Amino acid sequence: MADTVENAVSTPDVEQPWAELGLSADEYQRIREILGRRPTGGELAMYSVMWSEHCSYKSSKKYLRRFGDLPQQTPLGPLLAGIGDNAGVVDIGNGLAVTFKAESHNHPSYVEPHQGAATGVGGIVRDIMAMGARPVGVMNALAFGPLDAPDTARVLPGVVSGIADYGNCLGLPTIGGQTLFDPTYYGNPLVNALCVGVLRHEDLQFAKASGVGNLVVLFGAATGGDGIGGASILASESFAAEGESKRPSVQVGDPFMEKLLIECTLDLFNAGVVEALQDFGAAGISCATSELASAGDGGMHVELDRVPLRDPNLAPEEILMSESQERMAAVVRPDQLDRFMEICAHWGVAATVIGEVTDTGRLHIDWQGERIVDVDPRTVAHDGPVLDMPAARPWWIDELNEDDANALPRDNSGEGLAGALLALVGSAQLCDRSWITDQYDRFVRGNTVLAQPNDAGMIRIDDNLGIALSLDANGRQTTLNPYLGAQLALCEAYRNVAVSGATPVAVTDCLNYGSPYDPDVMWQFDETILGLVDGCRELGVPVTGGNVSLHNRTGDESIRPTPLVGVLGVIDDVHRRIPSAFAHDGDAVLLLGTTKCEFGGSVYEDVIHAGHLGGMPPMPDLNAEKALAAVMVEASKRGLLSSAHDLSDGGLAQALVESCLQGGLGVSVSLPEGEPSVMLFSETPARAIVSLCGNGYREFKELCQEHGVPTARIGEVIDHGEIEVNGLFSLPLDEIERAWRKPIPTAMGE
C-alpha cells in the first residue's frame, strides 16, 4: 500500500530511511519543517534525489554562481539562454541559434561501460532537444587509468562502443574529443559528452509549465526499473517489502527509440503544439515534474498510475525515481492534444496524458486515487541545501611546485632528441587515437567539415555558415595549480577553435573532481572557478552552462582535478576553414608565438622522467591568445593559409608529427635560437604552426605584426617522408608512424 499524505499526517513518528538515501539529519529535519509533517515515501524519494549532489549542486553551487557575474554576451550578441536552462543558446545571426552543453556520466560508465557511456550520450542529446533544437553533432572527452592496466582493457572498449553505437544509430557525427590516460583515473574513468544543436530563434523552448488546464504529456519509452538507486530502498524496505528487492542499476539506452523521439519532437515543434518541454534525465519524473512546475506560474497535478510501465511491479516511489531513458514531458493545450497524439502515433512514439497544470502553486501526485505527494515544487527543484564545505590549500602543493620540472635533465644531442620524439609519439598520452575514433561515424548527415584528428570539429549550418567546437582538459597541469590549469584548458580549447578559422564565442564546462568532503578538493574547485571566470572575462566569452561531477575517487584517492572546457566558435564561410594537415610541398612553415622553458605538467616531463610531476604549469597569456585568435580568423577570411595547428601537448615536435602524418608529407625545419629540447618539447601556450604558399607570406607576416604576434619562419613542407631538424636529426615518417599507431591496438590485444 502506498504511503499517502493522509497516512504521513497520522503517523508522524514512522522510521524513515533518510540516511540510506543520502540525506543528512539536518536535511531530513528541514524537509519535515517545509512540509509541516514527515514526508511520504514518494516525497522522501523526490527530495532525496533532487537534493543530491548530482541534481542540486549543493557543494558547488556557491562557487558556480560566479559564472553569473560574467557578461551574458558573446562576441555576436546576447545569450538567448544560459546557466539554469537545459543548455546554453547562442545567437549566430540570420535568425539562427546554436545550443550546446557538456555533461558527465562517469560512475555509471565504470559499473557498466557500454550502457553507462551510451546513456550519457542519450541524456545530453535530450537536453539539446529540450531547447527546441535539432541535434547536429556530438563530442566526448574520456579519461582512463594507465593504458596497460588490466581494467582499462575492460572499461575503454565498452565506453567507446557505447558512445559509437548510440551516436551512430542516432545519425549524429562524433566530430571530436579527447582521451587521457593517467593512474588517478584507474577505477574512476571520466566519460564526458557534449552535444550541439541548431534552431531558429522562434523555436526556442523553455521548461516552464504555464496555462491552467494545459495537459502534461509523457511521451517516449515506457518506464522500467533501470537507473533506480535510492528509491529501491524505499520500495523494498519500507513501502513495498513484499516486492522484489532491486539493486541500483545503470540505465539502459535504446538509440533507435531516441532517434524516433528526436524526429517526433521536431515535428511537434514545427506543428506548434508544444507549450513547454522537459527531458527526463537524472531523477526521472521527480525532476521533470518539479522543474516544470516550479518554473511555471501555477502548479501541477499528476496521476502517477497513468505512467506506462515496462515492469508492472514497480512501486510508486520507484516510478518517481526511475531513470529509464528516451522519455520527455510536454505541456500541451487541450485543443492541441489530438494533433500532438497524431504526430506521436506517426512516429510510433507512445504518448500518455499524466496530468495537468493547475493554479494551486503545489505539485500534487496521486497514486490509484490517493495523494502521495503534496509539495511546493520549488522546494524540491530549486531550494535544496547550499553547503559551505571546508576548503584549504593543500599542504603538499608547495613541495610539489618546488620540484621544478624545468630543472630536470634534458638531452640535447641529436640522438637524444630523436629518441625523445619517438618516446613521446609512442606514449599513451600522444599516440594515435584512431582505434577509438574510427568506431565513430564522423561524417554522417554530410555536414561535417572538420573532424578528428583536426584541432576542432566543424559542422556546416547552411551553405557557408559553420560552427566549430573543441573540448580540452589537462589534469596534470591543474594538479600543479588549479587556477592556471583551468585557464590553460580554456586557452587550448579557445585556440583550437581559432586555428580552424572560427571566432570563439562561448564556453561550456564539465568539472570533474574528488570528494567534496576533502578540503583539498574544494580548494582546487574554488581556484578552478576563479581561473575560469577570470579567463572567460578576459577572452570575452561567457560560460553558458555545464556540469559538475564530484565524488570521483577510488578508495581515499581522488582523481586529478579535471576541468573539461568546451569552446564554441562560428565561421562565416566553411570553405575558408583551416585544416591541421600539411597540404603542399614547398609551403613555408611558420612558428607563431613565443617559446619559453615550460615543462611543468608536460608530456615530456611525464614520459622522459617516468611519471614525474612538479613545478608550475605554463603561464597563460590571455592577451596573446586573443591576438593569435584574431590573426587566425582574419587569415582564414583572406584564405592565406594551407594549414594551422595549435601547440599544446608535446609542443612543437608533436604538432609537426601530426601535421606530417595527417598530410602524408614531410617537413624540414631549423629550430629558432635556444635550447633544442625547449624549442621542440616545451608546452608554452598561445602558439601555433602554420603553413602557407610563398606568395601569401608577406601579407600574413604583416597581419601578425599588426596584432603583435611573433613569427619565425622555421622551415618548409617537403615531399619525402621525413622530419628533418637541421643540424640535429632526421627521422623517417614510417618509423614515427609505427611508434605512434602501436600503443592502443597492442593494449587492446590486437
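Counting begins at 1 with the first residue displayed.
From the backbone N, Cα and C atoms, a Cβ is placed for every residue, glycine too.
These numbers come from a predicted model, not from an experiment.
As written in Swiss-Prot, here are the features:
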- His54: active site (ACT_SITE)
- His105: active site, proton acceptor (ACT_SITE)
- Tyr57, Lys101, Asp509, Gly546: ATP binding site (BINDING)
- Glu103, Asn547: Mg(2+) 1 binding site (BINDING)
- Ser104, His105, Asn106, His107, Arg126, Gln251, Glu323, Ser324, Gln325, Ser549: substrate binding site (BINDING)
- Asp127, Asp279: Mg(2+) 2 binding site (BINDING)
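Features per Swiss-Prot, on structure.
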| residue | record | contacts (Cβ under 8 Å, 6+ apart) |
| --- | --- | --- |
| Tyr57 | ATP binding site | Leu64, Val548 |
| Glu103 | Mg(2+) 1 binding site | Gly120, Gly123, Ile124, Asp127, Asn192, Ala193, Leu194, Cys510, Gly546, Asn547 |
| Ser104 | substrate binding site | Gly120, Leu190, Val191, Asn192, Ala193, Cys510, Asn512, Asn547, Ser549 |
| Asn106 | substrate binding site | Asn188, Pro189, Leu190, Val191, Asn192, Asn512, Ser549, Asn552 |
| Asp279 | Mg(2+) 2 binding site | Asn86, Gly123, Arg126, Asp127, Met129, Ala130, Ala288, Arg327, Met328, Ala329 |
| Gln325 | substrate binding site | Thr119, Gly122, Gly123, Ala221, Asp226, Gly227, Gln251, Val252, Gly253, Asp254, Met257, Glu258, Phe280 |
| Asp509 | ATP binding site | Ala102, Leu532, Val543, Gly546, Asn547, Pro563, Leu564, Val565, Gly566 |
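Asp509 (ATP binding site) falls within a strand when secondary structure is assigned with DSSP.
Other Cβ atoms within 10 Å of the Cβ of Glu323 (substrate binding site), summed over all protein chains shown, number 29. For the substrate site, whose binding residues are given in the record as Ser104, His105, Asn106, His107, Arg126, Gln251, Glu323, Ser324, Gln325, Ser549, the maximum C-alpha distance rounds to 21 Å. A simple Cβ count within 10 Å picks out one of the recorded positions His54, Lys101, His105, Arg126 as the most packed, and that one is His105.
Taking the binding-site residues Asp127, Gly546, Asn547 in turn, the residue surrounded by the fewest other Cβ atoms inside 10 Å of its Cβ turns out to be Asn547.
Each residue in Leu64, Ile83, Ala102, Glu103, Thr508, Cys510, Leu511, Val543, Gly545, Asn547, Val548 lies on the same chain as Tyr57, Lys101, Asp509, Gly546 and has a C-beta within 8 Å of the C-beta centroid of that ATP site, without being one of the site residues.
Between Glu323 (substrate binding site) and the residue listed as 'active site, proton acceptor', the C-alpha separation comes to 13 Å.
Under the DSSP three-state reduction, Glu323 (substrate binding site) is assigned to coil, being neither helix nor strand. Cα of the residue listed as 'active site, proton acceptor' to Cα of the residue listed as 'active site': a span of 11 Å.
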